[in-house]
Amino acid sequence: MSETADTNQTAVVLFSGGQDSTTCLAWALARYHRVHTVAFDYGQRHRVELACRQRVREAIGQHFAGWGARLGEDHLLDLTSLGEISDTSLTRERAIEIRDSGLPDTFVPGRNLLFLTYAAALAWRLQARHLITGVCETDYSGYPDCRDDTIKALQVALNLGMDSHFVLHTPLMWRDKAQTWALAETLGGADLVELIAEHTHTCYLGDRTQRHDWGYGCGECPACRLRAQGWRRHRGLC
């Protein structure tokens, strides 16, 4: 929601290891003196992203010394029960299809609501006021838990429920994928763009056997198509 922050405060970034969350991590590292990260194992078929996120953290420490010094604790939380109750193509080995509702069956009901609730509970313990998530309402699949109204409502609920003053930041909310690539370049130059292309993971099928100019992936799933189209627009190739 907010695009400004106090550099003397602490943040928690919901960091999956994908393009969007890595860009958000860079955004937070440019603003806060201490930035913790959290991810969730919810039985996702593309759980290779959980290994990628460690390589991203290591690469940030190696190539961005100032940012590396600000990186705080990393947390991986077990939410496999979400995968057990979800009947989706992100948590089952099946083809990706569009439901009668118009939503793709990659939508995992409650996922971002739970992620942010757990992240807020962690932030409460760490005395971190700022929560950063990479949800957006532009180049996305229509997921209702990615919408700006949802995040604003959740911020109110979390603050009431924890008697706190959290600020939920969504740096990508009104940016498309081309603008997300551009933001990464603004934040960390060509080195960050290359880090994202090489080390992050977006593909819903978990494919890291095919390397494209925009990164690894099957090239056919909705996540790969959005990432590839954004890259081409950012590079002026379409």
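Cβ atoms here come from the backbone N, Cα and C positions, even for glycine.
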The Zn(2+) site in Swiss-Prot includes Cys218, Cys221, Cys224. Which of Cys203, Cys238 is also listed there?
Cys203
Students should find that the Cα atoms of Ser21 (ATP binding site) and Cys203 (Zn(2+) binding site) sit apart, in Å rounded to an integer, by 14
Cα separation, Phe15 (ATP binding site) to Cys203 (Zn(2+) binding site) (Å, whole number)
16
Of the binding-site residues Phe15, Gly17, Gln19, Thr23, Leu25, which one sits closest to Cys221 (Zn(2+) binding site) when you measure Cα to Cα?
Gln19
Residue from Phe15, Gln19, Thr23 whose C-alpha is spatially nearest that of Cys218 (Zn(2+) binding site), among the binding-site residues:
Gln19
Would you count the other C-beta atoms found within 10 angstroms of the C-beta of Thr23 (ATP binding site) for me?
26
Any idea what DSSP makes of Cys221 (Zn(2+) binding site), helix, strand or coil?
coil
